[in-house]
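Asker: Positions annotated as compositional bias 'Polar residues' by TrEMBL: 7-16. Residues or ranges marked as domain 'MARVEL' by TrEMBL: 32-166. If you look up TrEMBL, you'll see 1-20 marked as region 'Disordered'. The transmembrane segment annotation in TrEMBL covers 37-55, 67-89, 101-121, 141-162.
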Amino acid sequence: MAEFPSKVSTRTSSPAQGGGAAVSALRPDLGFVRSSLGALMLLQLVLGLLVWALIADTPYHLYPAYGWVMFVAVFLWLVTIVFFILYLFQLHMKLYMVPWPLVLMIFNVGATVLYITAFITCSASVELTSLKGTGQYNQRAAASFFSCLVMIAYGVSAFFSFQAWRGVGSNAATSQMAGGYA
């Protein structure tokens, strides 16, 4: 067995001039907001907020169907906020070991499927849980309409995410440098 050397030479260095700050300031990437992915995420956030705000303003706790709609709307709204912040501040570039196009595609496909169930549940329950023409009926009908729009927005995002994952229209170098969004 080899002996451990009694003397070990070490070298220390000082940080480069101007590079003393280890953590760089987070600056938002406004190009992301103008991209199709950013615009769709903003649309999903606004419409998702409308869905759960309209349902939350009614006594939804009396009907289990609306509990499911609230779960889907709030959960996906929060996860979309997390993804939006990750991409807005380009944090996904710092976590390069995560296959972000694949993660985003799986999330968008899952969100589309969940919103399909939420839309069907919400739409089927409107007339059963409130009288036509009342405020609750109108709110629940509006929530059904907006859940359909959010479902479509997630479906379009799933399509674009699939294309980004497959690499349609770009090569690996340009999609890495562009941040992975079109």
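Backbone N, Cα and C define each Cβ position, glycine as well.
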Asker: Take the transmembrane segment (141-162) and find every residue of the same chain, 6 or more past its ends, with a Cβ under 8 Å from one of its Cβ atoms.
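Answerer: Apart from its flanks, the transmembrane segment (141-162) reaches 36-37, 40-41, 43-44, 47-48, 50-51, 54-55, 69, 73, 76, 101, 104-105, 107-109, 111-112, 115-116, 118-119, 122-123, 126, 182.
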Asker: Find the average pLDDT over the domain 'MARVEL' (32-166) in the predicted model and report it.
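Answerer: Across the domain 'MARVEL' (32-166), the average pLDDT comes out at 94.
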Asker: For the domain 'MARVEL' (32-166), DSSP counts of helix, strand and coil?
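Answerer: Its residues divide into 118 helix, 0 strand, 17 coil.
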